[in-house]
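Asks: Dropping the structure in here first, questions after.
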Amino acid sequence: MTAIKPLTSFRQRKSGSASSSPSRRRGSRSRSRSRSPGRPPRSSRRSASASHQADRKEVRKEILEVKLTPLVLKPFGNSINRYNGEPEHREKNDLPHKTTQVHTGSFSLQEKFHLPQESSYLSTQYSLRPRREEIKLKEIDAQEEKIVTEGPTSLRTFEVTTKQLKEVEFGGVPGVLTIMLGLPAFLFLLLLMCKQKEPSLLNFPPPLPALSDLWDARVFGLYLVWFFLQALFYLLPIGKVVEGTPLADGRRLKYRLNGFYAFILTSGLVGASLLWDVELYYVYNHFLQFALAATVWAVVLSVYLCARALKAPRNDLSPASSGNAIYDFFIGRELNPRIGTFDLKYFCELRPGLIGWVVINLVMLLAEMKVQNRAFPSLAMILVNSFQLLYVVDALWNEEALLTTMDIIHDGFGFMLAFGDLVWVPFIYSFQAFYLVAHPNELSWPAASLIVALKLCGFIIFRCANSQKNAFRKNPNDPKLAHLKTIHTSTGKNLLVSGWWGFVRHPNYLGDLIMALAWSLPCGFSHILPYFYVIYFTALLVHREARDEHHCKRKYGLAWEKYCQRVPYRIFPHIY
């Protein structure tokens, strides 16, 4: 073996290294005589004094502690220069452009290519590089430190700092302004067209109503009663408590799953109101006013969320927030706004709007019987109510699945979700039932049978795909899932490439769209208006799929590229 020379044999010179030994930090002119842990001590040397010997032991102890616990930094898994999942391919004749170096005492990492794990860094006590090369490495260190965030997980995860420009969606500020101003106006135009005797596109725009037909303080009060009644049901100590996905700081928030119980309690109250002859037809007569009341409340809630987010800690902010006030008002700045244990976003996702959707459908069924003087509701109205009731009950029964959706783990709570949950869902998703009140469609039993078959087909795809995904996320080692093929990623998670998720990349979206078509078909083909929901929902899911694609490609890198090669179709097989 080559003999190891003592450190004193090296020439002493000033170094431009980014790091220095402990003795240099104390301002010593000469190098410390402390030895590497691999070099045996020389017992023949004796210190001149006890104090000098103690000082040498302290220095040796300090160096030993540093060298025995090196800081091993992982490569930048999310770097734009390298895909995740696997190291870059390098031919035999490729020469490394730069080695990695870790200095004792203060560590720095430089790399341009992926080194094997067992030789990913060099550990030396002093830098023996030429000064010019050390200056270059120091400059690279400074650049790399800019993209390493501070925090409890900074040794394992590298994230983009808030100083860098974040990506925005929906067309940025102009796009979100258009959405925030355009969606409420479009909603009311759609409802006004549906109330016309002939809801044709040739009759657009419909005549605008008087202000008294749009706003009623009593209606606004009734809407608030509905909202806070659902909030009361949410606070009931019934249902199991589960943990959500880990946050950026490692925390896992707790959620009480009692949405199905809230639905049962609400159904009991609605049934009691029917027995007490409460006039539910009032909701149909003041439908526009209820829609405006919900819109006003969504705006008030969004303003409150924006104001409280100004004082939110950095760890509580949404990954989707950008720092722009207008954009963050729309997308939401705070990820999980809570008042104590009351989670505002989680509550609004499934309670006031989703359960309200079912109540509105029931009101439309009763209104159809009254307006058209029918003893029983039409077959078309029964199908629409049944289909959408099944959808809502399924969502509430599988409430835990909501915790892994993009709405919960990525998007903040702002105008986008507040308006969508409280206004768009109950007043647009019930549009087919609202249409059938004034525009009946007599449906034959064979046609109804085909529509039911289509609905069941979409529901089976939707439910089986979601159940398979949620079971895999909950326990990837479940023996029931052993037959499924996966692709490993650098994040430690696996991607399903067989089963429903080997059919298309988003089979749940495919099932959702098939069900949406089944909801509209009972309305017949006299007008395109009832099919607005299918058109809108297709655009929504295609856009959401593009967002999913972008996030997954950035998160999983090469593993996602492989998945896309194995599963080429996004939503529609052989089409898209």
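Each Cβ is built from the backbone N, Cα and C atoms, and glycine gets one as well.
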Asks: For which of the residue intervals 338-362, 413-437 does TrEMBL record transmembrane segment?
Replies: 413-437
Asks: If you look at how TrEMBL annotates this chain, which of 257-276, 517-536 comes out as transmembrane segment?
Replies: 257-276
Asks: Any contact between the transmembrane segment (217-236) and the transmembrane segment (288-307)? By contact I mean 3+ C-beta pairs closer than 8 Å, pairs at least 6 apart along the chain.
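Replies: As far as Cβ distances go (cut-off 8 Å, pairs 6 or more apart), the transmembrane segment (217-236) and the transmembrane segment (288-307) touch.
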Asks: Decide whether the stretches the transmembrane segment (375-393) and the transmembrane segment (288-307) have at least 3 CB pairs under 8 angstroms, with pairs required to be 6 or more apart in sequence.
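Replies: These two stretches do not touch.
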Asks: What residues elsewhere in the chain lie close to the transmembrane segment (173-193), defined as a C-beta under 8 angstroms and at least 6 residues from its ends?
Replies: 199, 203-209, 214, 287-288, 291-292, 295, 324, 326-327, 330-331, 415-416, 419, 423-424, 427-428, 431, 434, 529, 532
Asks: Is the count of Cβ pairs under 8 Å between the transmembrane segment (288-307) and the transmembrane segment (257-276), pairs 6 or more apart in sequence, 3 or more?
Replies: no
